[in-house]
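Peer 1: From TrEMBL, here are the annotated features:
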type: SITE; residues: Arg70; note: site 'Transition state stabilizer'
type: BINDING; residues: Pro208; note: substrate binding site
type: BINDING; residues: His238; note: heme b binding site
type: BINDING; residues: Asp295, Asp303; note: Ca(2+) 2 binding site
Amino acid sequence: MWSERRRRPPPLLLVAAAVVVAVTALASSPEAALQVGFYRETCPIAEDVVLEEMKLIVMEDATVAPSLLRMHYHDCFVQVWNNQPAHARYLFSRKADACLAILMLCSPLCFVRSKGCDGSIMLRSRKGKKKKTERDALPNRSMRGFDAIERIKARLEALCPLTVSCADIIAMAARDAVYLSHGPWYDVETGRRDGNVTVAEYVENDLPPPDSNIVDVKTFFSVKSLNSKDIAVLFGCHSIGTSHCGPIQKRLYNFTGNMDQDPSLKPSYAAELRKLCPPPRPGDDGEGKTKVPLDPGSNYTFDLSYYRHVLATGGLFQSDGSLLHDPVTRGYVEKVANASSPDEYYADFAAAMVKMGRTDVLLGDLGEIRPTCGIFVD
């Protein structure tokens with residue numbers, strides 16, 4: 001999660017989302033689909049290799065695990081349209097006409113869908129080019145784990161050349177990161193192909209900032225066909241990991257613009273955060289050395305304590321606390337926080353991760369398989 005700059009997705013996105021799904025279905029081969037065991041014939045050792053490498057990676061540095069989980073989420077949520085005419089940018093402005101928008105979305109001559117969970121987050125900007133990639137976007141500047149994905153990819157390329165996509169490696173690594181953090185194991189659907197269109201500015205448009213309220217969060221997630229329960233479940237990813245001070249400074253020191261604190265934040269917890277994170281100074285980007293745990297006392301163990309923390313304190317981010325401001329998400333937080341066993345939550349988490357992993361994937365003949373995840377194929 002990331003900085004305070006935000007641009008809310010216009011209501012038009014909600015109208016157009018169903019059309020996008022329909023057009024995408026027409027663009028793909030009827031035989032192409034994600035499936036568990038996609039590489040069973042072409043690279044049967046793929047998942048074993050990913051897990052073997054992940055065990056070594058997490059053993060060397062446990063802090064990489066939450067970042068790899070975050071990488072999968074960031075990869076899936078950012079969507080880019082390629083070959084846009086000039087009026088395409090107008091499509092998603094608040095002034096665009098809904099009927100015109102639908103016609104434009106339905107026209108394959110105007111738009112080529114490029115990405116959801118497609119591994120494009122890995123691509124580095126080309127040397128000498130001004131255009132920045134997702135990897136350069138502000139929300140991804142603190143992202144770690146790129147080298148880990150390349151390490152896994154290199155091993156798989158040596159065994160099964162040009163077979164396993166970077167997008168699938170990210171999805172499997174995210175699952176393994178949860179499992180190796182004492183969380184659940186679940187089957188990952190594979191068969192994604194890699195996208196090669198990546199635009200930095202779309203990252204800030206498509207990811208809900210950490211200072212989002214529940215209305216904003218629900219809007220961002222609904223565009224990806226994720227409902228209120230999915231939101232509450234997937235926020236459990238904050239059970240592991242840390243944050244820089246930047247995303248919470250506004251909540252601590254200038255919540256409404258009057259040098260105040262978010263009143264929904266428990267005072268004693270806010271006092272602890274203030275000790276770690278002083279008020280921002282001019283020129284301070286909030287990306288200093290201080291790291292704040294997302295789930296104090298359990299920040300590298302995937303468990304239910306995140307929900308107990310949110311219920312008791314309001315959580316680290318405003319978006320965490322926003323779960324308490326909707327009856328569905330609050331009800332889920334309360335249920336998990338008071339659960340005697342993690343089994344039901346783990347089953348819900350597995351289902352939500354699989355659902356998110358289906359977001360706007362490239363299948364069949366769409367996309368490519370790159371030999372190196374971070375380098376464009378010309």
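Note that Cβ sites are derived from N, Cα and C of the backbone, with glycine treated the same way.
Burial and contacts for the listed features, if you can.
Peer 2: All chains included, 24 other C-beta atoms sit within 10 angstroms of the C-beta of Arg70 (site 'Transition state stabilizer').
Within 10 Å of the C-beta of His238 (heme b binding site) there are 26 other C-beta atoms, taking all protein chains into account.
Asp295 (Ca(2+) 2 binding site): 26 other CB atoms within 10 A of its CB, across all protein chains.
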Peer 1: Within 10 Å of Asp295 (Ca(2+) 2 binding site) (Cα-Cα), which of the recorded positions Arg70, Pro208, His238?
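Peer 2: Near Asp295 (Ca(2+) 2 binding site), where near means Cα within 10 Å, the recorded positions are His238.
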Peer 1: Per 10 Å Cβ neighbour count, which of the binding-site residues Pro208, Asp303 ranks highest?
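Peer 2: Selected residue: Pro208.
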